[in-house]
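Notes follow the structure.
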Amino acid sequence: MADRRAEENAVTGGLQNTSIEDFDRPMKPKTSKFAIVCALLACTTSILLGYDIGVMSGASLFIKENLKISDVQVEVLAGTLNIYSLLGSAFAGRTSDWIGRKYTIVLAGVIFFVGALLMGFATNYAFLMVGRFVAGVGVGFGMMIAPVYTAEISPASFRGFLTSFPEVFVNVGILLGYIANYALSKLPLHLGWRFMLGVGGVPAIFLTVGVLFMPESPRWLVMQGRLGDAKKVLQRTSESKEECQLRIDDIKEAAGIPPHLNDDIVQVTRRSHGEGVWKELILHPTPAVRHILIAAVGIHIFEQASGIDTVVLYSPRIFDKAGITSSNHKLLATIAVGFTKTVFILVATFFLDKFGRRPLLLTSVAGMVFSLTFLGVGLTIVDHHKSSVPWAIGLCLAMVYFNVAFFSIGLGPITWVYSSEIFPLKLRAQGVSIGVACNRVTSGVVSTTFISLYKAITIGGAFFLYAGISAAAWIFFYTLLPETQGRTLEDMEVLFGKFHRWRKANAMLKERKQVDGDDNNNAQVC
(Lines of atoms letter the chains of each structure in order from A and count residues from 1; the text may use other names and numbers.)
(Lines give C-alpha, C1' and ligand atoms only; values in the text may rest on other atoms or scores of the structure.)
Protein backbone atom coordinates (compact mmCIF):
# COMPACT_ATOMS: atom_id res chain seq x y z
CA MET A 1 0.00 0.00 0.00
CA ALA A 2 2.69 2.46 1.04
CA ASP A 3 4.89 1.60 -2.00
CA ARG A 4 2.00 2.05 -4.43
CA ARG A 5 1.23 5.43 -2.92
CA ALA A 6 4.87 6.45 -3.18
CA GLU A 7 4.88 5.57 -6.92
CA GLU A 8 1.70 7.58 -7.46
CA ASN A 9 3.24 10.50 -5.64
CA ALA A 10 6.36 10.38 -7.79
CA VAL A 11 4.23 10.62 -10.93
CA THR A 12 1.62 13.16 -9.91
CA GLY A 13 3.58 15.26 -7.42
CA GLY A 14 1.87 18.29 -5.91
CA LEU A 15 -1.03 17.53 -3.60
CA GLN A 16 -0.50 13.76 -3.65
CA ASN A 17 2.90 14.21 -1.96
CA THR A 18 1.37 16.09 0.92
CA SER A 19 0.43 14.46 4.20
CA ILE A 20 -2.12 15.79 6.65
CA GLU A 21 0.62 17.02 8.94
CA ASP A 22 2.10 19.14 6.10
CA PHE A 23 -1.03 21.25 6.05
CA ASP A 24 -0.53 21.97 9.74
CA ARG A 25 2.91 23.54 9.42
CA PRO A 26 2.65 26.54 7.07
CA MET A 27 0.11 28.22 9.31
CA LYS A 28 -1.61 27.53 12.58
CA PRO A 29 -4.59 25.33 11.69
CA LYS A 30 -8.04 26.46 12.60
CA THR A 31 -9.74 24.33 15.20
CA SER A 32 -12.81 22.46 14.00
CA LYS A 33 -15.47 23.50 16.49
CA PHE A 34 -17.85 20.99 14.96
CA ALA A 35 -15.43 18.11 15.61
CA ILE A 36 -14.99 19.28 19.20
CA VAL A 37 -18.77 19.42 19.79
CA CYS A 38 -19.18 15.90 18.35
CA ALA A 39 -16.36 14.57 20.53
CA LEU A 40 -17.85 16.22 23.63
CA LEU A 41 -21.24 14.63 23.03
CA ALA A 42 -19.80 11.19 22.31
CA CYS A 43 -17.63 11.28 25.41
CA THR A 44 -20.59 12.02 27.67
CA THR A 45 -20.88 8.23 27.90
CA SER A 46 -17.70 8.29 29.98
CA ILE A 47 -19.39 10.50 32.59
CA LEU A 48 -21.70 7.57 33.28
CA LEU A 49 -18.82 5.28 34.23
CA GLY A 50 -17.02 7.97 36.20
CA TYR A 51 -20.11 8.94 38.16
CA ASP A 52 -20.87 5.33 39.02
CA ILE A 53 -17.33 4.71 40.27
CA GLY A 54 -17.22 7.92 42.26
CA VAL A 55 -20.67 7.66 43.81
CA MET A 56 -20.21 4.02 44.81
CA SER A 57 -17.14 4.91 46.89
CA GLY A 58 -19.39 6.77 49.34
CA ALA A 59 -22.73 5.08 48.69
CA SER A 60 -21.27 1.68 49.62
CA LEU A 61 -20.74 2.95 53.18
CA PHE A 62 -24.45 3.74 53.55
CA ILE A 63 -25.59 0.63 51.64
CA LYS A 64 -23.58 -1.59 53.98
CA GLU A 65 -25.17 0.04 57.02
CA ASN A 66 -28.72 0.12 55.59
CA LEU A 67 -28.87 -3.36 54.00
CA LYS A 68 -26.60 -5.01 56.61
CA ILE A 69 -24.25 -6.57 54.05
CA SER A 70 -20.72 -7.95 54.55
CA ASP A 71 -17.39 -6.63 53.24
CA VAL A 72 -17.35 -9.38 50.61
CA GLN A 73 -20.77 -8.25 49.38
CA VAL A 74 -19.48 -4.65 49.28
CA GLU A 75 -16.54 -5.83 47.14
CA VAL A 76 -18.88 -7.64 44.77
CA LEU A 77 -21.24 -4.67 44.56
CA ALA A 78 -18.46 -2.17 43.90
CA GLY A 79 -16.35 -4.22 41.52
CA THR A 80 -18.78 -6.24 39.43
CA LEU A 81 -19.86 -3.24 37.36
CA ASN A 82 -16.55 -3.66 35.57
CA ILE A 83 -17.20 -7.36 34.97
CA TYR A 84 -20.69 -6.66 33.68
CA SER A 85 -19.36 -3.94 31.39
CA LEU A 86 -17.30 -6.67 29.75
CA LEU A 87 -20.49 -7.94 28.12
CA GLY A 88 -21.28 -4.49 26.79
CA SER A 89 -17.79 -3.90 25.38
CA ALA A 90 -17.71 -7.41 23.86
CA PHE A 91 -20.91 -6.77 21.90
CA ALA A 92 -20.25 -3.10 21.21
CA GLY A 93 -17.65 -3.69 18.50
CA ARG A 94 -19.92 -5.84 16.33
CA THR A 95 -22.94 -3.65 17.12
CA SER A 96 -21.14 -0.47 16.04
CA ASP A 97 -20.06 -2.13 12.79
CA TRP A 98 -23.68 -3.15 12.18
CA ILE A 99 -25.79 -0.13 13.18
CA GLY A 100 -23.07 2.54 13.17
CA ARG A 101 -21.09 4.37 15.86
CA LYS A 102 -23.78 7.00 16.44
CA TYR A 103 -26.66 4.70 17.32
CA THR A 104 -24.39 2.49 19.43
CA ILE A 105 -23.80 5.57 21.63
CA VAL A 106 -27.57 6.08 21.85
CA LEU A 107 -27.99 2.43 22.87
CA ALA A 108 -25.34 2.85 25.59
CA GLY A 109 -27.22 5.82 27.08
CA VAL A 110 -30.58 4.03 27.10
CA ILE A 111 -29.19 0.90 28.77
CA PHE A 112 -27.40 2.88 31.49
CA PHE A 113 -30.51 4.98 32.17
CA VAL A 114 -32.54 1.81 32.82
CA GLY A 115 -29.80 0.49 35.11
CA ALA A 116 -29.63 3.72 37.12
CA LEU A 117 -33.39 3.63 37.67
CA LEU A 118 -33.25 0.03 38.84
CA MET A 119 -30.49 0.82 41.33
CA GLY A 120 -32.31 3.90 42.60
CA PHE A 121 -35.49 1.92 43.28
CA ALA A 122 -33.73 -1.17 44.66
CA THR A 123 -35.41 -2.63 47.76
CA ASN A 124 -32.77 -5.23 48.61
CA TYR A 125 -29.28 -6.41 47.71
CA ALA A 126 -30.43 -8.77 44.92
CA PHE A 127 -32.50 -6.03 43.25
CA LEU A 128 -29.53 -3.68 43.53
CA MET A 129 -27.27 -6.21 41.81
CA VAL A 130 -29.74 -6.52 38.90
CA GLY A 131 -29.59 -2.76 38.36
CA ARG A 132 -25.81 -2.94 38.65
CA PHE A 133 -25.74 -5.56 35.88
CA VAL A 134 -27.84 -3.48 33.47
CA ALA A 135 -25.84 -0.31 34.17
CA GLY A 136 -22.60 -2.25 33.66
CA VAL A 137 -23.64 -3.38 30.19
CA GLY A 138 -24.41 0.23 29.25
CA VAL A 139 -21.04 1.37 30.59
CA GLY A 140 -19.29 -1.29 28.50
CA PHE A 141 -20.97 -0.07 25.32
CA GLY A 142 -20.10 3.54 26.08
CA MET A 143 -16.47 2.90 27.00
CA MET A 144 -15.78 1.08 23.75
CA ILE A 145 -17.59 3.35 21.32
CA ALA A 146 -16.67 6.83 22.62
CA PRO A 147 -12.91 6.67 21.81
CA VAL A 148 -13.56 4.95 18.47
CA TYR A 149 -16.04 7.60 17.31
CA THR A 150 -13.85 10.44 18.55
CA ALA A 151 -10.72 9.09 16.83
CA GLU A 152 -12.58 8.58 13.56
CA ILE A 153 -14.09 12.05 13.40
CA SER A 154 -11.01 14.01 14.56
CA PRO A 155 -8.41 15.67 12.30
CA ALA A 156 -4.91 14.24 12.82
CA SER A 157 -3.49 17.54 14.08
CA PHE A 158 -5.45 17.45 17.32
CA ARG A 159 -6.68 13.87 17.43
CA GLY A 160 -4.81 13.25 20.70
CA PHE A 161 -6.52 16.26 22.29
CA LEU A 162 -10.00 15.11 21.26
CA THR A 163 -9.46 11.39 21.86
CA SER A 164 -8.40 12.12 25.45
CA PHE A 165 -11.89 13.50 26.12
CA PRO A 166 -13.30 10.12 27.30
CA GLU A 167 -10.80 10.03 30.16
CA VAL A 168 -11.51 13.70 30.94
CA PHE A 169 -15.20 12.92 31.22
CA VAL A 170 -14.56 9.83 33.38
CA ASN A 171 -12.79 12.12 35.83
CA VAL A 172 -15.56 14.71 35.67
CA GLY A 173 -18.03 11.91 36.42
CA ILE A 174 -15.93 10.70 39.36
CA LEU A 175 -15.81 14.21 40.80
CA LEU A 176 -19.59 14.59 40.39
CA GLY A 177 -20.07 11.25 42.14
CA TYR A 178 -17.92 12.35 45.07
CA ILE A 179 -19.81 15.64 45.32
CA ALA A 180 -23.14 13.76 45.22
CA ASN A 181 -21.93 11.57 48.08
CA TYR A 182 -21.19 14.58 50.26
CA ALA A 183 -24.31 16.54 49.25
CA LEU A 184 -26.74 13.64 49.77
CA SER A 185 -25.08 12.13 52.84
CA LYS A 186 -27.34 14.22 55.10
CA LEU A 187 -30.51 12.55 53.79
CA PRO A 188 -32.12 9.72 55.78
CA LEU A 189 -30.08 6.53 55.53
CA HIS A 190 -32.61 4.63 53.39
CA LEU A 191 -32.98 7.51 50.91
CA GLY A 192 -29.45 8.91 50.61
CA TRP A 193 -27.74 6.07 48.75
CA ARG A 194 -30.78 5.52 46.50
CA PHE A 195 -30.69 9.14 45.35
CA MET A 196 -26.92 8.91 44.89
CA LEU A 197 -27.30 5.99 42.47
CA GLY A 198 -30.53 7.08 40.75
CA VAL A 199 -29.28 10.56 39.84
CA GLY A 200 -26.78 8.87 37.51
CA GLY A 201 -29.59 8.42 34.99
CA VAL A 202 -29.81 12.19 34.36
CA PRO A 203 -26.67 12.48 32.16
CA ALA A 204 -27.88 9.44 30.20
CA ILE A 205 -31.00 11.36 29.13
CA PHE A 206 -28.96 14.31 27.84
CA LEU A 207 -26.58 11.91 26.10
CA THR A 208 -29.33 10.07 24.24
CA VAL A 209 -31.01 13.26 23.03
CA GLY A 210 -27.78 15.06 22.11
CA VAL A 211 -26.28 12.20 20.13
CA LEU A 212 -29.28 12.18 17.79
CA PHE A 213 -28.01 15.49 16.37
CA MET A 214 -24.49 14.16 15.74
CA PRO A 215 -23.27 12.93 12.34
CA GLU A 216 -22.23 9.33 11.78
CA SER A 217 -18.52 8.44 11.74
CA PRO A 218 -17.09 9.20 8.25
CA ARG A 219 -15.01 6.03 8.33
CA TRP A 220 -18.05 3.88 9.03
CA LEU A 221 -19.94 5.64 6.23
CA VAL A 222 -17.13 4.90 3.76
CA MET A 223 -17.10 1.25 4.81
CA GLN A 224 -20.79 1.13 3.87
CA GLY A 225 -20.12 2.74 0.47
CA ARG A 226 -21.76 6.06 1.44
CA LEU A 227 -19.02 8.37 0.13
CA GLY A 228 -21.31 11.38 -0.28
CA ASP A 229 -22.38 11.34 3.35
CA ALA A 230 -18.79 10.77 4.49
CA LYS A 231 -17.55 13.78 2.49
CA LYS A 232 -20.17 16.03 4.08
CA VAL A 233 -18.99 15.02 7.56
CA LEU A 234 -15.29 15.39 6.68
CA GLN A 235 -15.88 18.84 5.19
CA ARG A 236 -17.21 19.96 8.57
CA THR A 237 -14.49 18.28 10.67
CA SER A 238 -11.37 18.93 8.56
CA GLU A 239 -9.21 22.02 8.72
CA SER A 240 -9.06 22.58 4.95
CA LYS A 241 -10.49 21.26 1.70
CA GLU A 242 -7.16 19.63 0.91
CA GLU A 243 -7.11 17.77 4.22
CA CYS A 244 -10.70 16.67 3.66
CA GLN A 245 -9.72 15.13 0.32
CA LEU A 246 -6.66 13.45 1.83
CA ARG A 247 -8.73 11.94 4.59
CA ILE A 248 -11.37 10.57 2.22
CA ASP A 249 -8.64 9.12 -0.04
CA ASP A 250 -6.92 7.45 2.92
CA ILE A 251 -10.17 5.96 4.20
CA LYS A 252 -11.18 4.73 0.74
CA GLU A 253 -7.80 3.02 0.32
CA ALA A 254 -8.03 1.40 3.76
CA ALA A 255 -11.57 0.22 2.99
CA GLY A 256 -10.52 -1.27 -0.36
CA ILE A 257 -12.48 1.20 -2.55
CA PRO A 258 -10.74 2.01 -5.89
CA PRO A 259 -9.54 5.65 -6.15
CA HIS A 260 -11.56 6.35 -9.31
CA LEU A 261 -14.90 5.66 -7.58
CA ASN A 262 -16.21 9.01 -6.35
CA ASP A 263 -19.99 8.68 -6.58
CA ASP A 264 -22.11 9.48 -3.55
CA ILE A 265 -23.03 5.79 -3.27
CA VAL A 266 -20.55 3.16 -4.41
CA GLN A 267 -20.70 -0.60 -4.43
CA VAL A 268 -18.49 -2.11 -1.75
CA THR A 269 -17.38 -5.62 -2.59
CA ARG A 270 -18.18 -6.79 0.89
CA ARG A 271 -19.90 -4.38 3.21
CA SER A 272 -18.29 -4.29 6.59
CA HIS A 273 -20.52 -5.42 9.41
CA GLY A 274 -17.57 -7.02 11.22
CA GLU A 275 -17.47 -10.27 9.25
CA GLY A 276 -14.09 -11.99 9.18
CA VAL A 277 -12.51 -9.49 11.54
CA TRP A 278 -11.80 -11.97 14.32
CA LYS A 279 -9.89 -14.20 11.90
CA GLU A 280 -7.57 -11.33 10.89
CA LEU A 281 -7.28 -10.06 14.45
CA ILE A 282 -6.84 -13.26 16.46
CA LEU A 283 -6.38 -16.39 14.34
CA HIS A 284 -4.12 -15.22 11.49
CA PRO A 285 -2.82 -11.73 12.29
CA THR A 286 0.03 -10.11 10.39
CA PRO A 287 3.12 -9.17 12.46
CA ALA A 288 1.90 -5.56 12.51
CA VAL A 289 -1.59 -6.50 13.73
CA ARG A 290 -0.13 -8.85 16.34
CA HIS A 291 2.10 -6.06 17.65
CA ILE A 292 -0.84 -3.63 17.69
CA LEU A 293 -3.02 -6.11 19.58
CA ILE A 294 -0.31 -6.81 22.16
CA ALA A 295 0.24 -3.07 22.66
CA ALA A 296 -3.48 -2.32 23.02
CA VAL A 297 -4.20 -5.22 25.38
CA GLY A 298 -1.06 -4.53 27.40
CA ILE A 299 -1.74 -0.84 27.98
CA HIS A 300 -5.35 -1.56 29.01
CA ILE A 301 -4.37 -4.31 31.46
CA PHE A 302 -1.58 -2.29 33.05
CA GLU A 303 -3.80 0.79 33.39
CA GLN A 304 -6.07 -1.10 35.77
CA ALA A 305 -3.52 -3.49 37.31
CA SER A 306 -1.71 -0.43 38.68
CA GLY A 307 -4.53 -0.21 41.23
CA ILE A 308 -6.01 3.14 40.23
CA ASP A 309 -9.58 1.93 40.76
CA THR A 310 -8.81 0.93 44.34
CA VAL A 311 -7.64 4.48 45.06
CA VAL A 312 -10.71 5.97 43.39
CA LEU A 313 -13.31 3.43 44.54
CA TYR A 314 -12.09 2.87 48.10
CA SER A 315 -10.74 6.32 48.95
CA PRO A 316 -12.80 6.62 52.17
CA ARG A 317 -11.43 3.25 53.39
CA ILE A 318 -7.88 4.22 52.51
CA PHE A 319 -8.23 7.51 54.37
CA ASP A 320 -9.73 5.61 57.30
CA LYS A 321 -6.70 3.29 57.35
CA ALA A 322 -4.46 6.36 57.15
CA GLY A 323 -5.97 7.64 60.40
CA ILE A 324 -8.82 9.96 59.31
CA THR A 325 -11.84 8.98 61.42
CA SER A 326 -14.48 11.64 60.70
CA SER A 327 -16.97 10.62 57.97
CA ASN A 328 -17.24 14.21 56.77
CA HIS A 329 -13.47 14.57 56.58
CA LYS A 330 -13.17 11.30 54.64
CA LEU A 331 -15.76 12.43 52.10
CA LEU A 332 -14.15 15.86 51.75
CA ALA A 333 -10.71 14.26 51.27
CA THR A 334 -12.29 12.03 48.63
CA ILE A 335 -13.70 15.07 46.79
CA ALA A 336 -10.12 16.38 46.70
CA VAL A 337 -9.10 13.13 44.95
CA GLY A 338 -11.70 13.75 42.26
CA PHE A 339 -10.71 17.39 41.91
CA THR A 340 -7.03 16.47 41.54
CA LYS A 341 -7.78 13.87 38.88
CA THR A 342 -9.95 16.27 36.91
CA VAL A 343 -7.46 19.15 36.98
CA PHE A 344 -4.52 17.03 35.86
CA ILE A 345 -6.44 15.24 33.13
CA LEU A 346 -7.39 18.63 31.71
CA VAL A 347 -3.72 19.61 31.75
CA ALA A 348 -2.82 16.37 29.95
CA THR A 349 -5.26 17.00 27.09
CA PHE A 350 -3.25 20.04 26.00
CA PHE A 351 0.09 18.21 26.18
CA LEU A 352 -0.76 15.00 24.27
CA ASP A 353 -0.27 16.48 20.80
CA LYS A 354 2.52 18.82 21.94
CA PHE A 355 4.92 16.42 23.65
CA GLY A 356 3.77 13.08 22.24
CA ARG A 357 2.39 9.92 23.83
CA ARG A 358 5.60 8.20 25.01
CA PRO A 359 7.16 11.02 27.09
CA LEU A 360 3.92 11.61 29.00
CA LEU A 361 3.24 7.90 29.41
CA LEU A 362 6.69 7.03 30.76
CA THR A 363 6.77 10.06 33.07
CA SER A 364 3.30 9.22 34.35
CA VAL A 365 4.07 5.60 35.18
CA ALA A 366 7.40 6.47 36.83
CA GLY A 367 5.55 8.94 39.06
CA MET A 368 2.99 6.28 39.93
CA VAL A 369 5.74 3.86 40.99
CA PHE A 370 7.12 6.56 43.29
CA SER A 371 3.76 7.56 44.81
CA LEU A 372 2.48 4.00 45.29
CA THR A 373 5.71 2.97 47.01
CA PHE A 374 5.58 5.83 49.50
CA LEU A 375 1.83 5.39 50.01
CA GLY A 376 2.63 1.83 51.04
CA VAL A 377 5.33 3.14 53.39
CA GLY A 378 2.98 5.66 54.99
CA LEU A 379 0.13 3.17 55.47
CA THR A 380 2.52 0.59 56.93
CA ILE A 381 3.82 3.11 59.47
CA VAL A 382 0.28 4.12 60.50
CA ASP A 383 -0.73 0.46 60.70
CA HIS A 384 2.13 -0.35 63.10
CA HIS A 385 1.47 2.52 65.49
CA LYS A 386 -1.41 2.53 67.93
CA SER A 387 -1.23 6.28 68.39
CA SER A 388 -1.68 8.89 65.67
CA VAL A 389 1.34 9.67 63.50
CA PRO A 390 0.56 13.08 61.91
CA TRP A 391 3.46 13.12 59.44
CA ALA A 392 2.58 9.62 58.20
CA ILE A 393 -1.06 10.66 57.75
CA GLY A 394 0.14 13.66 55.75
CA LEU A 395 2.40 11.40 53.67
CA CYS A 396 -0.52 9.08 52.87
CA LEU A 397 -2.74 11.99 51.82
CA ALA A 398 -0.02 13.51 49.65
CA MET A 399 0.81 10.20 47.97
CA VAL A 400 -2.86 9.49 47.15
CA TYR A 401 -3.09 12.87 45.42
CA PHE A 402 0.30 12.37 43.74
CA ASN A 403 -0.81 8.96 42.46
CA VAL A 404 -4.03 10.19 40.84
CA ALA A 405 -2.20 13.25 39.45
CA PHE A 406 0.54 11.19 37.79
CA PHE A 407 -2.04 8.71 36.48
CA SER A 408 -4.10 11.53 34.97
CA ILE A 409 -1.26 13.23 33.10
CA GLY A 410 -0.34 10.10 31.18
CA LEU A 411 -1.52 6.54 31.67
CA GLY A 412 -5.18 7.49 32.13
CA PRO A 413 -5.83 9.44 28.91
CA ILE A 414 -3.13 7.83 26.76
CA THR A 415 -4.56 4.33 27.24
CA TRP A 416 -7.69 5.39 25.36
CA VAL A 417 -5.99 7.66 22.83
CA TYR A 418 -3.35 5.09 21.95
CA SER A 419 -5.57 2.02 21.68
CA SER A 420 -8.17 3.80 19.55
CA GLU A 421 -5.69 5.18 17.01
CA ILE A 422 -3.38 2.25 16.28
CA PHE A 423 -5.78 -0.35 14.82
CA PRO A 424 -6.37 -0.54 11.04
CA LEU A 425 -9.76 0.76 9.94
CA LYS A 426 -11.51 -2.57 9.37
CA LEU A 427 -10.20 -4.00 12.66
CA ARG A 428 -10.65 -0.90 14.79
CA ALA A 429 -14.04 -1.45 16.38
CA GLN A 430 -13.36 -5.09 17.29
CA GLY A 431 -9.78 -4.38 18.33
CA VAL A 432 -10.76 -1.56 20.66
CA SER A 433 -13.53 -3.74 22.12
CA ILE A 434 -10.92 -6.39 23.01
CA GLY A 435 -8.82 -3.76 24.76
CA VAL A 436 -11.81 -2.40 26.66
CA ALA A 437 -12.84 -5.94 27.63
CA CYS A 438 -9.38 -6.60 29.08
CA ASN A 439 -9.53 -3.24 30.83
CA ARG A 440 -12.87 -4.04 32.47
CA VAL A 441 -11.90 -7.58 33.50
CA THR A 442 -8.68 -6.34 35.12
CA SER A 443 -10.52 -3.50 36.82
CA GLY A 444 -13.17 -5.91 38.06
CA VAL A 445 -10.58 -8.32 39.48
CA VAL A 446 -8.65 -5.51 41.20
CA SER A 447 -11.71 -3.77 42.66
CA THR A 448 -13.47 -6.96 43.82
CA THR A 449 -10.38 -8.28 45.60
CA PHE A 450 -8.94 -5.14 47.21
CA ILE A 451 -10.53 -5.51 50.65
CA SER A 452 -9.64 -9.20 50.81
CA LEU A 453 -6.13 -8.42 49.51
CA TYR A 454 -5.29 -5.81 52.12
CA LYS A 455 -6.68 -8.03 54.86
CA ALA A 456 -4.33 -10.78 53.67
CA ILE A 457 -1.10 -8.81 53.06
CA THR A 458 -1.85 -5.54 54.92
CA ILE A 459 -2.95 -2.25 53.36
CA GLY A 460 0.66 -1.16 52.85
CA GLY A 461 1.55 -4.48 51.22
CA ALA A 462 -1.29 -4.06 48.71
CA PHE A 463 0.17 -0.77 47.47
CA PHE A 464 3.69 -2.19 47.34
CA LEU A 465 2.23 -4.83 45.02
CA TYR A 466 0.64 -2.16 42.80
CA ALA A 467 3.96 -0.29 42.72
CA GLY A 468 5.71 -3.43 41.46
CA ILE A 469 3.09 -3.92 38.73
CA SER A 470 3.52 -0.29 37.67
CA ALA A 471 7.30 -0.81 37.40
CA ALA A 472 6.69 -3.78 35.09
CA ALA A 473 4.30 -1.58 33.06
CA TRP A 474 7.03 1.03 32.58
CA ILE A 475 9.37 -1.60 31.10
CA PHE A 476 6.61 -2.89 28.79
CA PHE A 477 5.74 0.60 27.52
CA TYR A 478 9.38 1.59 27.00
CA THR A 479 10.11 -1.57 25.02
CA LEU A 480 7.05 -2.14 22.87
CA LEU A 481 5.07 1.07 22.40
CA PRO A 482 6.22 3.36 19.54
CA GLU A 483 5.39 7.04 19.34
CA THR A 484 2.22 7.69 17.31
CA GLN A 485 2.05 11.47 17.51
CA GLY A 486 1.20 13.06 14.17
CA ARG A 487 0.72 9.77 12.32
CA THR A 488 -2.45 9.29 10.29
CA LEU A 489 -4.70 6.45 11.39
CA GLU A 490 -4.22 4.65 8.10
CA ASP A 491 -0.38 4.65 8.41
CA MET A 492 -0.16 2.87 11.78
CA GLU A 493 0.52 -0.57 10.30
CA VAL A 494 3.82 0.70 8.91
CA LEU A 495 4.94 1.77 12.38
CA PHE A 496 4.08 -1.55 14.04
CA GLY A 497 5.27 -5.09 13.35
CA LYS A 498 8.88 -4.98 14.47
CA PHE A 499 8.03 -5.16 18.20
CA HIS A 500 11.02 -3.94 20.27
CA ARG A 501 12.76 -2.85 17.04
CA TRP A 502 9.99 -0.38 16.23
CA ARG A 503 12.47 2.51 16.15
CA LYS A 504 13.69 1.30 12.74
CA ALA A 505 10.18 1.62 11.33
CA ASN A 506 9.88 5.07 12.87
CA ALA A 507 13.14 6.17 11.25
CA MET A 508 11.97 4.76 7.91
CA LEU A 509 8.73 6.74 8.07
CA LYS A 510 10.61 9.95 8.86
CA GLU A 511 13.00 9.33 5.97
CA ARG A 512 10.13 8.61 3.57
CA LYS A 513 8.36 11.78 4.63
CA GLN A 514 11.52 13.80 4.08
CA VAL A 515 12.01 12.27 0.60
CA ASP A 516 8.38 12.98 -0.30
CA GLY A 517 8.82 16.56 0.85
CA ASP A 518 11.98 16.99 -1.28
CA ASP A 519 10.22 15.49 -4.31
CA ASN A 520 7.31 17.84 -3.79
CA ASN A 521 9.64 20.86 -3.65
CA ASN A 522 11.41 19.73 -6.83
CA ALA A 523 8.07 19.31 -8.60
CA GLN A 524 7.06 22.81 -7.62
CA VAL A 525 10.37 24.23 -8.90
CA CYS A 526 9.93 22.44 -12.23
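One is the number of the first residue shown, and numbering goes on along the chain from there.
For all residues, glycine too, the Cβ spot is worked out from N, Cα and C.
Listed features, source TrEMBL:
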TRANSMEM  34-56  transmembrane segment
DOMAIN    38-485  domain 'Major facilitator superfamily (MFS) profile'
TRANSMEM  76-93  transmembrane segment
TRANSMEM  105-127  transmembrane segment
TRANSMEM  133-149  transmembrane segment
TRANSMEM  161-180  transmembrane segment
TRANSMEM  192-214  transmembrane segment
TRANSMEM  331-352  transmembrane segment
TRANSMEM  358-382  transmembrane segment
TRANSMEM  389-418  transmembrane segment
TRANSMEM  456-481  transmembrane segment
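Under 8 Å from some Cβ of the transmembrane segment (76-93) lie the Cβ atoms of residues 49, 52-53, 56-57, 60, 63, 69, 104, 108, 111, 125, 128-129, 132-133, 135-145, 274, 309, 313-314, 429-434, 436-437, 440-441, 443-450, all in the same chain and six or more residues away from its ends. Looking at the domain 'Major facilitator superfamily (MFS) profile' (38-485) alone, the prediction's average pLDDT is 87. If one looks beyond the transmembrane segment (456-481) by at least 6 residues along the same chain, the residues whose Cβ comes under 8 Å of a Cβ in the stretch are 291, 294-295, 298-299, 302, 305-307, 310, 318, 321, 357-358, 361-362, 365-366, 368-369, 372-373, 375-380, 383, 411, 418, 450, 499-500, 502.
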